Amino acid sequence: MTTSHILGFPRVGAKRELKFAQERYWRKELAEQDLLDLAKALREKNWKHQAAANADFVAVGDFTFYDHILDLQVATGAIPARFGFDSQNLTLDQYFQLARGNKDQFAIEMTKWFDTNYHYLVPEFQKSTAFKANPAHYVNQIREAKALGLNFKPVIVGPLTFLWLGKEKGEAFNRFDLLNQLVPVYVEILNALVAEGAEWIQIDEPALALDLPAEWVEAYKSVYAELSKVNAKLLLATYFGSVAEHAELLKALPVAGLHLDLVRAPEQLAAFEDYSKVLSAGVIEGRNIWRANLNKVLDVLEPLKAKLGERLWIAPSCSLLHTPFDLEVEVQLKEKNTALYSWLSFTLQKVEELNVLKQALNNGRASVQAALDASQAAADARATSKEIHRPEVAERLANLPKGADQRKSPFAERIVKQNAWLNLPLLPTTNIGSFPQTTEIRHARASFKKGELSLADYEAAMKKEIEYVVRRQEELDLDVLVHGEAERNDMVEYFGELLDGFAFTKFGWVQSYGSRCVKPPVIYGDVTRPEPMTVRWSQYAQSLTNRVMKGMLTGPVTILQWSFVRNDIPRSTVCKQIGVALSDEVLDLEAAGIKVIQIDEPAIREGLPLKRADWDAYLQWAGEAFRLSSMGVQDDTQIHTHMCYSEFNDILPAIAALDADVITIETSRSDMELLTAFADFKYPNDIGPGVYDIHSPRVPTAAEVEHLLRKALNVIPKERLWVNPDCGLKTRGWTETIDQLKVMVDVTKKLRAELA
């Protein structure tokens, strides 16, 4: 019989129950025991869903109050020493302080979990880090599952991935040197799981899909030689990419089974066809929302079953953490777009798809014919739907003139034409885009969406807010103004709602980090722009002032990265479609007299593939899509872009190739370190490094802003330097915003006078 299992499950609950409970707990509106009880009930529901879908094991230990890598820091005694907490006796309050900071210590740094939109808390390793086992997190969840009479499989991230994901702090050393101290602690944790009756233990090593240094790869041999001494069968789980290059190493490891992601990297199966142990085939997409074509999946699985027999296991490609909970609650979507609804599959539907595959493998396809027919019908309808496939979109992309993504003239010529009409002072000041989204703005938007506020009244409220933003900027004496984006709920959702080819769910939430969830748009069809999206708002804002008003758009790569993307054509094609659609908006803005236009790309680095060999291809099409979004503009129209905090050093040629006239970047928290790379590279165009951190309500001192600006002037010619905050001001309050911007403008004027 074929075994089916789940690698991990969403934690937040079908209706984000955990999020709301956490936030009430943080506001001291919910007792700790009530939060613990709610979490226990959520775990039980998750396990019962898995059991109801006929999974042979339920995943245990994957549930977390904030982040599974933070749980591992606690379990191994590796929490940051700077907090002064005892990892063996950590309270729930202290656990949350690690994640959120307290009055004495900033929070543990967060970063993206591989190339997903989930964020983990980055372990801080020191030369003196002393690991100590505390398996309570896993043991307690095992006991709950046992009490329910469920067959369970603990899930834990492996030691090499855990160490790889961390950072060295304090005295210089290599965290790899900690491995020998970490492994015995892992053995102790695994033994505690065995003592609770664990027969199989899933150890996740997604780092194997990265470009690991040779010594790290080699270490898998000795590490797993030690771990395999525990009295349980180990399933080594890999995902997010191919591990074929390590096939010989992995086949020789003393583990009882291996999980492969056959959705992201189906071609790697060939390298493991002679594997002699359990092979877990990850065949249901764990990080996108499309229904599988089950007949096609069975075409792959049936020959495997013939070869492996009971050694074949089936599973989703990775944890289902990255997919929304239940499609069935999307009643509005079903009514509005029945076809699209039939092409989707959320977590509960995915475990059912897995169950159908299991029945087909064990009892033949005829035993689940109705389910297979429904799956095939959905796949066939999707392949031919006129709602998805618009010939005019493909034709437009195919017939773009050669060099469509290139500006008419080089930057050196464009900037002369731009400066002639802009007539800006040295060190021009501007904002990144958004201004505070007040309670009044949110209330007006909610009332309008509920039908309690008419369109005319809603637009009047937004115009009033835009005028307020313009007047404040004039009073502050900023040079290039923005309209503040009062009318936008979210920088991607706003455009998705106005572009064809996008759809939205009501409950399609996925965890981004901690209690923060996001509801990504669904790109299901060819993308077009039926009518102008931002022009009238920017025109209205410009009508209020004689100063230059900047148009604001979200770029194609960011829209792609922060959406659930169709999987029937290449991502590169989808991205270029978005770029071309945005170009229509850019030309309309230009025609309306808006001749400074910002196209935000905060997510361009996030899209980098896990393996460096694939970077060039990605950067090539991402850059082309960005440039297509401003194709056809005149030389005297100034294109800006903004990028959030990033390591740019290794992709600077690609950033320069975007050929934006002005790039603004988030640099204040790194003390302008990023700028050195731009200077060394001799970045050719204008640049606006952020001079204060908008993530904090704190008002910077004049000395701090001056220090950063002087550092910037040391490496960027004064003629090419702009002055701006790090990011948009959406999450700030008005009082601190005015105070912060005043400091920025005053310091700029002081330096201007000095440089004149």
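Every residue, even glycine, has its Cβ placed from backbone N, Cα and C.
The active site, proton donor annotation in Swiss-Prot covers H695 and is backed by sequence analysis. According to its DSSP assignment, H695 (active site, proton donor) is coil.
The 5-methyltetrahydropteroyltri-L-glutamate binding site annotation in Swiss-Prot covers R16, E17, L18, K19, K112, R516, C517, W562, E606. Sequence-distant neighbours of R16 (5-methyltetrahydropteroyltri-L-glutamate binding site) (same chain, 6+ residues apart, CB-CB distance under 8 A): W509, C517. According to its DSSP assignment, R16 (5-methyltetrahydropteroyltri-L-glutamate binding site) is coil.
Other C-beta atoms found within 10 angstroms of the C-beta of I432 (L-methionine binding site) number 26, with every protein chain shown included. Per Swiss-Prot, the feature L-methionine binding site maps to I432, G433, S434, E485, D600; the stated evidence is sequence analysis.
Swiss-Prot lists I432, G433, S434, E485, D600 with the feature L-homocysteine binding site. Around D600 (L-methionine binding site), a 10 Å sphere centred on its CB holds 24 further CB atoms from the protein chains shown.
The Zn(2+) binding site feature in Swiss-Prot is assigned to H642, C644, E666, C727. The Cβ of H642 (Zn(2+) binding site) has 27 neighbouring Cβ atoms from other residues within 10 Å, across all protein chains displayed. H642 (Zn(2+) binding site) falls within a strand when secondary structure is assigned with DSSP.
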Count of other CB atoms lying within 10 Å of the CB belonging to L18 (5-methyltetrahydropteroyltri-L-glutamate binding site): 24
Say we define neighbours as other CB atoms within 10 Å of the CB. Which of the binding-site residues E606, E666 has the fewest? E606
Between the two most separated Cα atoms in I432, G433, S434, E485, D600, the residues recorded as binding L-homocysteine, what distance in Å do you get? 13
Candidates L18, E666, H695, C727 (recorded positions) - the one closest to E485 (L-methionine binding site) by CA: C727
Can you grab the distance from K112 (5-methyltetrahydropteroyltri-L-glutamate binding site) over to C644 (Zn(2+) binding site)? Cα atoms, rounded to a whole Å. 13
List the residues of the same chain that sit at least 6 positions away from C644 (Zn(2+) binding site) in sequence and have their Cβ under 8 Å from its Cβ, in sequence order, or write 'none'. P602, A603, I665, E666, C727
Between the binding-site residues C517, C727, whose Cβ has more other Cβ atoms within 10 Å than any of the rest? C727
Once the chains shown are all counted, how many other Cβ atoms turn up within 10 Å of the Cβ of E485 (L-methionine binding site)? 24
Within 10 Å of the Cβ of G433 (L-methionine binding site), how many other Cβ atoms are there? 24
Env. residues of L-methionine site, Cβ within 8 Å of mean position of I432, G433, S434, E485, D600 Cβ: N431, V482, M491, M552, Q598, H642, C727, G728, K730
